[in-house]
Amino acid sequence: MVNSLTSIETELPFGYYTLPYCVPQEGEKHISENLGELLMGDRIENSPFKFHMNVNESSIFLCTTPKLNSATVNMLKQRITDLYQVNIMLDNLPAIRYVKAGDYRLQTTGFPVGYQEEDGRQQHFIINHLRFTVLIHEYQDTGSGAAMSTEDGMSVLDSGGSGSGFQVVGFEVTPCSIRHTKQSISNLQMYDKISPPVDCDQASQQPVQEGEQITFSYDVSFVKSDIRWPSRWDAYLRMEGARVHWFSILNSLMVIAILAGIVFLIFLRTVRRDLTKYEELDKEAQAQMSEELSGWKLVVGDVFRAPEHADLLSIMVGNGVQIAGMAVATIFFAALGFMSPAARGMLLSGMILLYLVLGILAGYVAVRLWRTLQGNIDPTGWRSVTWRVACFFPGIAFAILTILNSLLRASKSTGALPISLYFVLLALWFCISVPLTLLGGFFGARAEHIQYPVRTNQIPREIPQRKYPSWLLVLGAGTLPFGTLFIELFFIMSSIWLGRVYYVFGFLLVVLVLLVIVCAEVSVVLTYMHLCVEDWRWWWKAFFASGSVGIYVLIYAINYLVFDLPSLSGPVSTALYIGYSLLMVLAIILATGTIGFLASFWFVYYLFSAVKID
């Protein structure tokens, strides 16, 4: 099978047969794909390459193209200049290509469309001969010798009725460019042998020029291997830079330890000491002491005053719960191995499914928080809040997706979503996500809203003037969660934009847990600091104290674009990068901000539930 043509230079995938490659005798056939594959721009089609199990063949003729016209030449040169590569698979295994770089042997998937020689003429050469090496493992079937079924839907070919067979455990490709002579390919039909055999070491290469005819051919050899079926993906998922991942975790643990010490001091030395001292006094002494109170104890009558734009805060927290729950569940299942790369698109499909199901939790949390902030004044307004929860983040995501999809469609890229898939996404949104969110809102409206431990004064307390804006401290607090995240963020960005396989979900799960802890601790510490200076407007600041990590992720994304993707070509590719980066940043702000807000809410509730001031 062949997949879409992709490039690290541009994020525009194109179909394999958009280039003048040989078409199979039975014609092009598209393989059915899941939702995740379609969203990622995968287009799986049959290829003209035919292998016979454990049969070595060399110099197999495929086809010769008609003479290249100027349009085809320009398209080929553009694909070669943009470093496009062909993604080909055998038994669901992507082809591996090994490249020597000095003393190192680098590994990549697929093979390039061609290459360019910088000899002053800017000569382009196309890859038209492939040497395939198939690693096979011989197994002994203790049963009837029937063909085995594999977990990714492919079948293991049986060598006969002898009770043994071969399993494909590796797929390697060595590409080369060779200019076939007219004598060697005259009167040949597809799959005939070329004589004399193809020698890739000869000097003649196939240039991309107008009027040229390109002949495609291939070799295939089978090599027995000790690699067993369960280990055949190890070559693709070999973890590199394990020390860097451990450094990321240790760095996060140090940050957590420091913040945990601060929180410990707040709870045990400051809060508990003040509360114990206050509760030991009689009423007369309390009345006298109340005149001398300072810090957080002075805002007891205002700390639970409803914040500005309480509806928006409830909506953002509801969406944040949904996104955070989806991220935790997805990474947890991926760490357990339920989302194997053998099942292409499974990770993205699982994320979408979990997001849809968690709509019920988003509606419940948002409505219950809204009723708590509003004091349950309007018993029917929960429907409006729930609808806005169901449409806030999905609506923004759908708008960005629509704009980017129109750019992809104008570029005739396979990354453009089919119209039918648009209706599928709309159906999933309004037929699954929205009803579940409304159901969660219904349960949240019926649940009793949270009762505050202290009463709120009718007249707001004046907030003392500060030498510097409190929002500077809030924005600066995002550096600590970002310090927990940024090392893994590099590997994630590389897997998304550079085509590398990311499969260290065990490390990612640990980092995610540490990120949750850091976000909670940062928000609690910042909330306490604001209360100590008699600033009772802590709601939004608690949200953005940890949510501000998204700002640093955005700065990192810009830095990654400038320094790690300097060759990103074309305005469409840049627009794709910016659009998806903004969507990722918004999701991070909502998820981390929600974690920090809920932790601060619990902290403030616990803190003032012990205060006996009327």
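Any Cβ shown, glycine's included, is placed from N, Cα and C.
Features as listed in TrEMBL:
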{"type": "TRANSMEM", "residues": "246-268", "note": "transmembrane segment"}
{"type": "TRANSMEM", "residues": "312-339", "note": "transmembrane segment"}
{"type": "TRANSMEM", "residues": "345-367", "note": "transmembrane segment"}
{"type": "TRANSMEM", "residues": "387-408", "note": "transmembrane segment"}
{"type": "TRANSMEM", "residues": "420-445", "note": "transmembrane segment"}
{"type": "TRANSMEM", "residues": "471-497", "note": "transmembrane segment"}
{"type": "TRANSMEM", "residues": "503-526", "note": "transmembrane segment"}
{"type": "TRANSMEM", "residues": "538-558", "note": "transmembrane segment"}
{"type": "TRANSMEM", "residues": "578-608", "note": "transmembrane segment"}
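Count of Cβ pairs under 8 Å against the transmembrane segment (578-608): among 312-339, 387-408, 420-445, 471-497, 503-526, the largest is for 312-339. Counting same-chain residues at least six beyond the ends of the transmembrane segment (471-497), those with a Cβ under 8 angstroms from any Cβ of the stretch are 8, 11, 241, 244-245, 247-248, 251-252, 255, 259, 504, 507-508, 511, 514-515, 518-519, 522-523, 526, 529, 541, 544-553, 556-557, 560, 564-565, 577, 580, 592. A contact links the transmembrane segment (387-408) to the transmembrane segment (312-339), because at least 3 Cβ pairs that are 6 or more residues apart lie under 8 A. The stretches the transmembrane segment (503-526) and the transmembrane segment (538-558) are in mutual contact, each linked to the other by at least three Cβ pairs under 8 Å (pairs 6 or more apart in sequence). Taking every recorded stretch in 312-339, 345-367, 420-445 and counting its Cβ pairs under 8 Å to the transmembrane segment (538-558), the highest total belongs to 312-339. Outside the transmembrane segment (345-367) by six or more residues, the chain places 33-40, 42, 314-315, 317-319, 321-323, 325-326, 329-330, 333-334, 338-339, 382, 385-386, 389-390, 428, 432-434, 436-445, 447 with a CB less than 8 A from a CB of the stretch.
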